[in-house]
Amino acid sequence: MRLHRLLLVFLLMVLLPVPGLLKNIGNSVSCLRNKGVCMPGKCAPKMKQIGTCGMPQVKCCKRK
């Protein structure tokens with residue numbers, strides 16, 4: 001029985017994502033939370049892309 005508990009804990013540790021490591025920006029709300037701006041096409045000069053805003057053509061950009 002102890003082995004089952006140990007295996008369950010190990011699987012939970014492996015399968016659950018670490019909150020700090022995965023900062024996936026895929027919609028406009030998460031873009032705004034990360035102090036970004038949604039822009040169609042490419043990001044403006046002096047800005048870097050940090051994700052997308054729902055569609056691949058709309059980029060989430062943030063000042064460098």
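Any Cβ shown, glycine's included, is placed from N, Cα and C.
Per Swiss-Prot, the features are:
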SIGNAL    1-20  signal peptide
DISULFID  Cys31-Cys60  disulfide bond
DISULFID  Cys38-Cys53  disulfide bond
DISULFID  Cys43-Cys61  disulfide bond
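Swiss-Prot feature annotations superimposed on the structure.
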residue	record	DSSP (3 states)
Cys31	disulfide bond	helix
Cys38	disulfide bond	strand
Cys43	disulfide bond	coil
Cys53	disulfide bond	strand
Cys60	disulfide bond	strand
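For Cys61 (disulfide bond), the number of other Cβ atoms no farther than 10 Å from its own Cβ, over all displayed protein chains, is 21. Neighbour density for Cys31 (disulfide bond): within 10 A of its CB lie 24 other CB atoms from the protein chains shown. Within 10 Å of the C-beta atom of Cys53 (disulfide bond) sit 23 other C-beta atoms, taking all shown protein chains into account. Each residue contributes its Cα atom, and for Cys43 (disulfide bond) and Cys60 (disulfide bond) those atoms are 8 Å apart. The most crowded of the disulfide-bonded residues listed here (Cys38, Cys43, Cys60) is Cys60, judged by how many other CB atoms sit within 10 Å of its own CB. Note: the CA-CA distance between Cys53 (disulfide bond) and Cys60 (disulfide bond) rounds to 6 Å.
Rounded to a whole value, the Cα-Cα separation of Cys31 (disulfide bond) and Cys38 (disulfide bond) is 7 Å.
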